[in-house]
């Protein structure tokens, strides 16, 4: 919060990201509603839901392009303007008579816009690194994640409510979306002098994608900490991504866990996790502030073990909500702190693609976990899924505790020291930025 209040450049980046996030959160839910109104609604809803994953699958490519972009400030503005133009076009096209070809065109616009958003996020990373002091990065990234999660929750709800209020006026939402992107571009344009004042080596020599990928992967696996972090992040995401699906199956027959209705209970479970993530990201200076990331993953796994035991034996709805909040709270600490670690330790020429590679690897655990746990739950009984889930979560927790203890006894690696020295070097040689007011 302090950085947001005092650091103009960081505040501009956060404001632009939030404005873009408002538009994306509003229209993602609205587009699924639009798909449900089409004559081929089953196919359309499935494709609209799957399309949300495409930008994540292309994070490596968008990260590579962001790292290679020379005039990052210009493209932070241009990409948002292009997103706005795309949604102005969408607002007109969505009024055409429904057909398969028009739906695919609208779907393509949505995917391209989301990919531009991922590209723009990669463009911002070097400026976050240089505008925010290294010792304030954890709290700064936590604040940004808390704001983005809050925006996502609030504006998805507004989108679902507003589309009913406006009697399915999808074109109006397309124009609202366009306005948010134009405003985000204006924020960056208005503060562009702050970013041009930031020095940095930006893409001195272009490198082919596969060579760049190879170099970046070596950086990400160059220290014991990063290797262990990638492994345990993959494992915890395999568990966490399956939790909501298994919970939905559990609630079908476990009326003791209900808060009046099935729908209310699913909503409350989601809200508890989301509020936990916001709180965890926002309160950086709590009793976990000196706890290592791998140890936090161990604690998260233990919370998931307790959640599973509640589903198997206690069936207490309030304990379920409390444990879902605790899970979200810990995850809300892990994500921004690891993002801050990457920003500190990875050089600027590999920063966005590093984030993309890490996100892609971790994301792969989600579908695998869902296929295994939900497959067993649907084929046999959800209790068998929970038993396997409990065993896996317990093993991850123990392994993470052992790995955390090993890391805590190991001195900083040479690679990590070099990265820290690089951070000190650019802080010493950089020209003085405009004063924070």
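In case you wondered, yes, glycine gets a Cβ from its N, Cα and C as well.
Whatever TrEMBL says is automated annotation, not expert-curated.
According to TrEMBL, the features are:
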{"type": "TRANSMEM", "residues": "12-34", "note": "transmembrane segment"}
{"type": "TRANSMEM", "residues": "40-61", "note": "transmembrane segment"}
{"type": "TRANSMEM", "residues": "141-164", "note": "transmembrane segment"}
{"type": "TRANSMEM", "residues": "170-191", "note": "transmembrane segment"}
{"type": "TRANSMEM", "residues": "229-249", "note": "transmembrane segment"}
{"type": "DOMAIN", "residues": "229-437", "note": "domain 'Major facilitator superfamily (MFS) profile'"}
{"type": "TRANSMEM", "residues": "255-285", "note": "transmembrane segment"}
{"type": "TRANSMEM", "residues": "292-312", "note": "transmembrane segment"}
{"type": "TRANSMEM", "residues": "356-377", "note": "transmembrane segment"}
{"type": "TRANSMEM", "residues": "383-407", "note": "transmembrane segment"}
{"type": "REGION", "residues": "413-437", "note": "region 'Disordered'"}
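Under 8 Å from some Cβ of the transmembrane segment (170-191) lie the Cβ atoms of residues 8-9, 12-13, 15-17, 19-20, 22-24, 26-27, 30, 33-34, 73, 76-78, 80-81, 83-88, 90-92, 94-95, 159, 162-163, all in the same chain and six or more residues away from its ends. Two recorded stretches are said to be in contact when at least 3 C-beta pairs lie under 8 angstroms, sequence spacing 6 or more; the transmembrane segment (12-34) and the transmembrane segment (141-164) meet this definition. Here the transmembrane segment (255-285) sits against the transmembrane segment (141-164); at least 3 CB pairs are under 8 Å, leaving out pairs fewer than 6 apart in sequence. Long-range contacts of the transmembrane segment (141-164) within the same chain: residues 1, 3-4, 14, 17-18, 21-22, 25-30, 33, 128, 170, 173, 271, 274, 277-282, 284, 332-333, 335-337, 339-340, 343, each at least 6 residues beyond the stretch ends and with a Cβ under 8 Å from a Cβ of the stretch. If you count C-beta pairs under 8 angstroms between the transmembrane segment (383-407) and each of 40-61, 229-249, 356-377, the highest count goes to 229-249. In the predicted model, the domain 'Major facilitator superfamily (MFS) profile' (229-437) has a mean pLDDT of 86.
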